[in-house]
Amino acid sequence: MNSSPHEAPQPARIDQMRRDYTLGGLDIQDVHDDPLVQFELWFAEATGRPHDAHPVTRESVAQEAGIPGWFEPNAMTLSTTTAAGDVTSRTVLLKGITSKQFVFYTSYESTKSRQIAANANVSLCFFWPHLQRQVLVSGRAERTDRESSTAYFQSRPYESQLGAHASTQSSTIESREILEQRMAELAEKYPPNTTVPLPEKWGGYAVTPVEIEFWQGRTNRLHDRIVYTRPSDAGPQTPWQLSRRSP
Ligand SMILES: Cc1cc2nc3c(=O)[nH]c(=O)nc-3n(C[C@H](O)[C@H](O)[C@H](O)COP(=O)(O)O)c2cc1C
């Protein structure tokens with residue numbers, strides 16, 4: 001910080017911060033029967049890869065909204081709870097979408113993983129401000145198999161692989177130097193261009209949704225919310241129920 005008190009910027013009036021959402025609307029007849037397919041369509045737009053039906057480009061939406069095009073569109077807020085119902089949220093990156101699940105990777109020793117072990121019900125929240133859209137997913141998380149975790153781990157940059165070994169995620173540590181020391185030791189143990197094994201403590205979770213909501217911002221706060229629901233014990237052939245929810 002190099003500004004003197006005289007040059008200090010005026011604090012933003014949080015209560016006066018508002019933006020009207022005008023980019024589009026969403027109706028039940030607009031969306032795909034399968035919410036995972038619908039998610040992929042919106043995700044393609046969020047990453048600036050327009051699909052045929054709704055050719056929204058990253059540049060055009062960013063220009064209209066007056067904000068940068070996109071940054072980490074696969075970032076999502078993951079909320080988990082303890083058995084007692086205490087909630088924790090944090091950002092993680094979506095690393096895969098299958099025909100029925102959302103996949104992310106983390107440490108199995110982390111707070112989130114301990115909470116998932118206590119209660120597999122989680123929620124995911126994607127916010128794409130450049131499209132004035134939000135997607136909410138409620139579902140159950142389960143560990144991915146070791147083969148797919150290994151395949152993803154091996155695709156990560158070498159330093160990230162070492163980092164997964166070095167970190168005891170969510171634990172208290174004395175200093176940053178401890179991490180750097182561990183990284184140096186690991187670089188000796190696993191030199192560059194050798195295979196760094198998947199740590200036992202690290203892997204993926206796949207979230208099977210029971211509800212997905214697609215939210216499109218509209219004018220006057222009368223936003224569109226189209227919701228897909230399906231009971232958690234429903235088979236893959238069970239059709240999703242679609243409804244509109246009040247904003
Ligand atoms: C943009 C962004 C992406 C992140 N992606 C991941 C991720 O994919 N996996 C992960 O374990 N942590 C990720 N983190 C760090 C988490 O937010 C969090 O600090 C960490 O997972 C520990 O969470 P926990 O102590 O609640 O388990 C990310 C953070 C940010 C800001």
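The backbone N, Cα and C atoms fix where each Cβ goes, glycine too.
Taken residue by residue with DSSP, Arg18 (substrate binding site) is part of neither helix nor strand, so it is coil. Cβ neighbours within 10 Å of Arg18 (substrate binding site), excluding its own Cβ and spanning all shown chains: 6. Summarising the annotation, TrEMBL assigns substrate binding site to Arg18, Arg19, Asp20, Tyr21, Lys95, Tyr152, Arg156, Ser160, Arg221, Leu222, His223.
What TrEMBL records for Arg90, Thr91, Val92, Leu93, Leu94, Lys95, Tyr105, Thr106, Lys112, Gln134, Gln169, Ser170, Trp215, Arg225 is FMN binding site. Long-range Cβ neighbours of Lys95 (substrate binding site) (same chain, at least 6 residues apart, Cβ-Cβ under 8 Å): Asn74, Val103, Phe104, Tyr105, Tyr152, Gly204.
Look at TrEMBL and you will find 238-247 tagged as compositional bias 'Polar residues'. Only residues 6 or more beyond the boundaries of the compositional bias 'Polar residues' (238-247), in the same chain, are considered here, and those with a CB under 8 A from a CB of the stretch are 27-28, 31, 33-35, 213, 218, 221-231.
Residues or ranges marked as domain 'Pyridoxamine 5'-phosphate oxidase N-terminal' by TrEMBL: 72-187.
According to TrEMBL, the feature domain 'Pyridoxine 5'-phosphate oxidase dimerisation C-terminal' maps to 202-247. Residue counts for the domain 'Pyridoxine 5'-phosphate oxidase dimerisation C-terminal' (202-247) under DSSP, helix first, then strand, then coil, are 3 helix, 25 strand, 18 coil.
Per TrEMBL, region 'Disordered' is recorded for 228-247.
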Surrounding CB atoms that lie within 10 Å of the CB of Leu94 (FMN binding site), all protein chains: 21
Closest of Arg90, Val92, Lys112, Gln169, Trp215 to Arg156 (substrate binding site), Cα positions, binding-site residues only: Val92
Where the C-beta lies under 6 angstroms from ligand 1, the matching binding-site residues among Arg18, Lys95, Arg156, Arg221: none
